[in-house]
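Residues annotated as active site, charge relay system in TrEMBL: Ser236, Asp352, His387. The feature domain 'BAAT/Acyl-CoA thioester hydrolase C-terminal' is assigned by TrEMBL to 207-442.
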Amino acid sequence: MTQAVPPILSITPSRALVDEKFQVLVENLPPGCPVTLHSLHHSEDKDDWEAYGHYVSDHRGVVSVTEDLSFGGTYTGKEPMGLLWSMRPVPGSREGLRLRKINVCTPMLVNISVHSGHEDFRDRTPLASALAERWYMAPGVKRIDINKQGVQGTLFIPPGPGPFPTLLDMWGGGVGLLEYRSALLASRGYVSFSLDYLRSEHLSADVEFKYFETAFNIIRNHPQVIPDRVGILGISLGSTVAFNLTAYSTIIKPRCIVCISSNHYHPPGTTLKAGFKILSKYVLLTVCHENLMIIQIIVTNMYHRHFHKAHFDENNYMSWRSFGLDLIADPSNNVEVGRINCPMLLVNGCDDQNWPTVETAEEVARLLREGGKEHLLSRLAYPGAGHLIEPPFSPHFRATKFIILNSKKKVILLWGGHTKAHSDAQEDSWRKILSFLQLHLYHSPSVKAKL
């Protein structure tokens, strides 16, 4: 491609929060010119992620990712944010990768470039490029490390004098403290406390209500928090904790709860710690069996009864859904959700291959209906979405590596979901989660979210 005026690629805005849309525009192309738009991100784990779409310039020599159709690539059709949500590891990368922001005080940098043609575009020098900054923390948000009264986590406070409504934010059973959702919630006007509750030092003692109740009181008593406007948000195992605390604690009385990829499994007569261990033993036993490793393990009758139902797909990815169905079939294994007296929002993907979350939501609805409390429940169920429902425009991960709790064993877990449907679910659910929180934490009390 030779012309007097070189192509120009622009990103508007070039600096934005991760849940905000941008516009990518290429100008000064020849009319009817085939080009490829390519995005590239080098992660904090030193892995490269990319997405790309094939376009043809219009009669003015312009390609607008917002307005024009992609004819192929990692996404097709009119997809303004396809260069982000369809990202995947570049060819030749390690298996089972997951992209998560570690340092929320720095932006996610995405280089977007335009290349001539649709074939072998990586081998060509870009015609033009620009850099996008995607932030989880808005200007003025404060990040505070918390390590007091035995509780560890990170507190994010919105800019301004406050006081603000607040969320106790809990992730699932992965290893490590994740801050990016809490940072984004603070950017949207909520004090948010990302709680670290699965470290080894926490598991060495009983992970009982006391730990969570202390965390709840720490944020409730903060001078920039409205003490009676505290909610709980949990995903996966975090939703199990949310159900437990809201149903059984005499101290934790949230204004509302949001449970993403809901799990209300709670073994009878066990502590939360014991429940975590039971799930871990199921997984460890399955891994040992699948790999034909000779390991001496004491297996209770309960494990024998459900062991054969753990499932591996054709790629040898592990799914917990089968034995999850078996576990929650016994009502005595589950949290008594009928004890909950605050509004709750359940967000689930219908292609969740990790846990029977849709069945869990149905059971929760039945129990609340029987107790005359169905008016407290709002539900979102997304066809084609999987387990890992993240903030908008995050890449979709159908299967990723996972370190089993209380073990150094790594497996590749099957989370489910199909990229386009899952992306749509992430965008829609985030908007509706914010609406639910706005209604119940900022506005006057209501028993039903208008989603």
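From the backbone N, Cα and C atoms, a Cβ is placed for every residue, glycine too.
Taking a C-beta cut-off of under 8 angstroms and a sequence separation of 6 or more, Asp352 (active site, charge relay system) has the following same-chain neighbours: Ser261, Arg321, Val358, Ala385, Gly386, His387, Trp415, Gly416, Gly417.
Within the same chain, residues at least 6 positions away in sequence whose Cβ sits under 8 Å from that of Ser236 (active site, charge relay system) are Trp171, Gly172, Gly173, Ile260, Ser261, Asn263, Asn354, Trp355, His387. All protein chains considered, the CB of His387 (active site, charge relay system) has 29 other CB atoms within 10 Å.
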